[in-house]
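One structure below.
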Amino acid sequence: MRGRVAVVTGGGRGIGRAVAERLGREGARVAVVYRSNDAAAEETAGLVEAAGGEVELFRGDVASAEDVRGIFKQILETFGGVDILVNNAGITRDNLLLRMKDSEFDEVINTNLRGTYYCTRAALRPMIRARYGRIINISSVVGLMGNAGQANYAASKAGIIGFTKSVARELAERGITANAVTPGYIETDITGELPESVQQQILAQIPVGRFGRPEEVAEVVAFLARESAGYITGQTIGVDGGMVMQ
Ligand code: NDP
């Protein structure tokens, strides 16, 4: 991966941070995209540098077409290309369907699904020019199995899987692969907010018997990001302690 340019959206915290650090350790030049938490993003940058990687931070909203255009323009000016794109930025706005507000539905779809679409579209031109690309989209087990209280989130994450397969088919002949990763419950700010009783209920559904770690998702992302993974495309790979067995 040495010298490859990797864009990691939502790289300021959680899974994205672990991915940025891991790709940096493997020699990638990392562009970290985050929305607002400057302190967290700076911390990520420090970790990538400590791992021996080159890193630049880009602040903006992946749900905004204008922001994404601007961010990718800056990334291309800074690094000269995009080889690896990890669409990881994501949010939850949980509510039962009867109580769900349109704004909760829209925010989740716009960040998770539309953001993935905008960033992928922006990365395609440089990838097609280089006849090389690795696109890795972070979906979720919830996109495969559904979850009460997360109809908006499940729809966005299932949408990412269909999107990934279509991108994979469109670009397979151009040296570009696209795959989805479906993490189960990973210890980050998203899961840290769950009440203790809910955490216990979830643990009961995980055969491995524990939550996952961001580094365990980064392991699979790094595998798919390598040049040697060029014959794997359109796949959905679980990192979920056995929650969903396909
Ligand atoms: P975190 O909440 O820990 O971090 C989210 C990151 O995304 C932050 O860096 C945040 O930026 C950034 N972000 C959020 N919205 C936007 C936006 N509109 N534009 C740009 N950046 C944005 O999330 P996790 O690490 O837990 O999750 C990462 C991904 O993995 C998500 O897609 C999530 O759905 C998915 N996932 C997570 C699971 C889990 O158990 N944690 C399980 C399955 C999937 P900032 O720091 O500036 O706010």
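A Cβ is built for glycine as well, from the same backbone N, Cα and C atoms used for every other residue.
Positions annotated as domain 'Ketoreductase' by TrEMBL: 4-184. Per TrEMBL, the feature NADP(+) binding site maps to Gly10, Gly11, Gly12, Arg13, Asn88, Tyr153, Ala154, Ala155, Ser156, Lys157, Ile186. The annotation active site, proton acceptor is assigned in TrEMBL to Tyr153.
Recorded features from TrEMBL, shown on the structure.
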| residue | record | CB count, 10 Å |
| --- | --- | --- |
| Gly10 | NADP(+) binding site | 26 |
| Gly12 | NADP(+) binding site | 26 |
| Asn88 | NADP(+) binding site | 29 |
| Tyr153 | active site, proton acceptor | 25 |
| Ala154 | NADP(+) binding site | 21 |
| Ser156 | NADP(+) binding site | 28 |
| Ile186 | NADP(+) binding site | 21 |
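Across the residues annotated as binding NADP(+) (Gly10, Gly11, Gly12, Arg13, Asn88, Tyr153, Ala154, Ala155, Ser156, Lys157, Ile186), the two Cα atoms farthest apart lie 24 Å from each other. A strand conformation is recorded for Ile186 (NADP(+) binding site) in the three-state DSSP classification. Annotated pair Gly12 (NADP(+) binding site) and Tyr153 (active site, proton acceptor), C-alpha to C-alpha distance, rounded: 20 Å. Ligand 1 lies under 6 Å from the Cβ of none of the recorded positions Tyr153, Ala154, Ser156.
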